[in-house]
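Below: the structure, in structure tokens.
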Amino acid sequence: MPAAALLDDFLAFTLAGEAPAERDGACAGGAVRWQWLGDGLLAFEPAAADAAARASVLVSAGVHGDETAPIELLSMLVRDFAAGALPLACRLLVVLGNVPAMRAGERYLDDDLNRLFSGRHAQVPASREAPRAAQLEAAASAFFAAAPAGSARWHIDMHTAIRASVFEQFALLPHTGTPPTRAMVEWLGDARIAAVLLHTAKGNTYSHFTAEHCGALACTLELGKVRPFGQNDLTRFAPADRAVRKLVSGERAEGGATLPRVFTVIDQITKQSDALELFVAADVANFTAFARGTVLAQDGDYRYTVKHDEERIVFPNPTVKPGLRAGLLVVDTTRDTLAALV
């Protein structure tokens, strides 16, 4: 298939499952060099020689194959700067994550790809997601290893959520052992992200991997509800899309944007067995608040009771496999977190 088809509609090209006739070339009137690195993997770099100051940005979508809106936005981003309609001012790696699941219209085929990073894929060698997790780790590692010394490194991993949320668009920041950076929190404010969830333990997500192993400023964005391809109202994603476009084109974020509220994980509900009961409505929204003393879950001898004056539940899901997280509990830490930004 001609390379023009790859750049004009990266999504359709990837879903078709073909390789381009050329694996690299130039676009945007010769201003940008591109390289196809494999299914759903495209690298770009400005042809100009000012590499020393150039940021390295990884933008990913489709780590869950049914989260279509960010995939569509990412394909349009590629189209626009390949055509010269949007300048490219950074090294850029564009990733469509779980391509077989995208083709099937499923979240995943065997295992949640976003739980298989930082080497966890080695524990499930029979999983159809395991080789892809290893491939995405290798691609990110090689991309950031080639970054100019001292230059900025970013990873924006875009998702949509299965359920509604008190805050329709929110972000998750991986645990790094240090406070969040002002650059990331201000970028999230510019993207009109209403809330940020801070993890307090290492995880196996894509953004955890790039933060810990590649030194990237990394976040997972939850940008709304899961819908089939072609059924998304992309205007609802416009602020986040604009912020990503500013990041890759080198445009400064607007000053004075409202910073998001910040919530910190204080516990999780882990599914011990198939007897787990969650005492919340099946359609409870992410960030729904519960008062001290409320019993939220029971699983055999295990019981989770709210310990703070107010805790909010995020990602409740009793259908996960035993041993996996069935819900996160968070508390509001906005004041202390914003005061400690670095």
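Quick reminder: no glycine exception, Cβ is built from N, Cα and C everywhere.
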Among H121, H155, H159, the candidate listed by Swiss-Prot alongside H64, E67 for Zn(2+) is H159
Rounded to a whole number of Å, the separation of the Cα atoms of H64 (Zn(2+) binding site) and E222 (active site) comes to 12
Those same-chain residues, other than H64, E67, H159, found with Cβ within 8 Å of the centroid of the Zn(2+)-site Cβ atoms are A61, G62, V63, G65, D66, P70, R107, N114, M158, T160, A161, V226
Integer Å value for the Cα distance linking E222 (active site) with H159 (Zn(2+) binding site) is 5
Sequence-ordered list of residues in the chain of H159 (Zn(2+) binding site) that lie 6 or more positions away and have a Cβ within less than 8 Å of its Cβ, or none, is A61, V63, H64, E67, P70, T220, L221, E222, L223
